[in-house]
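Have a look at the structure below, then the notes.
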């Protein structure tokens, strides 16, 4: 992984941490939203949340992130993580296929092509699997899903596997960390956050 890619990934991690700290100030809002619109029945909540994660992955990346900790209170952090993994992985695959096969006219309906071109320089020529896994450990989905499908030659099975491997730790850290914060267990929240940062640093710089 080249230096430029490492710097970009580190910057993405810092933005994610800042965003998480900011969102933590408003946890009552997503929790109330989850109860009102996703319901308080665990099965229904899990299914609706999974569908919402999938849809927002394709058309509005990251929009479902603030809901994960709130949903974890209703269905538990373990099942929230599983729902996030399914929704993010399937959504990322859908975005990849749209970029790879649908053509630019349809692609423009989902994402700004100028943003895709901006990210072209950050896609490495070698070790793209490792780079993609690390990227998904920080931010599960974003415009790069489209950029990779459009600009890289990575095959779908490899892309899907890298996405799945990357979103698994992110999903569990987000679900359990967010749940700990909502429940007021600050020591557990800090421990989970520190573990996530440590894993990232080992993978990128180890």
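Note that Cβ sites are derived from N, Cα and C of the backbone, with glycine treated the same way.
According to TrEMBL, the domain 'VTT' annotation covers 67-179. As annotated by TrEMBL, transmembrane segment applies to 46-67, 74-99, 128-151, 158-176, 188-205.
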Intrachain neighbours beyond the transmembrane segment (74-99), with Cβ under 8 angstroms and 6 or more residues off its ends: 34-35, 38, 40, 42, 45-46, 49-58, 64, 68, 106-107, 110, 116, 136, 140-141, 145-150, 156, 159-160, 163-164, 167-168, 171-172, 174-176, 178-179
Can you tell me the mean pLDDT for the domain 'VTT' (67-179)? 84
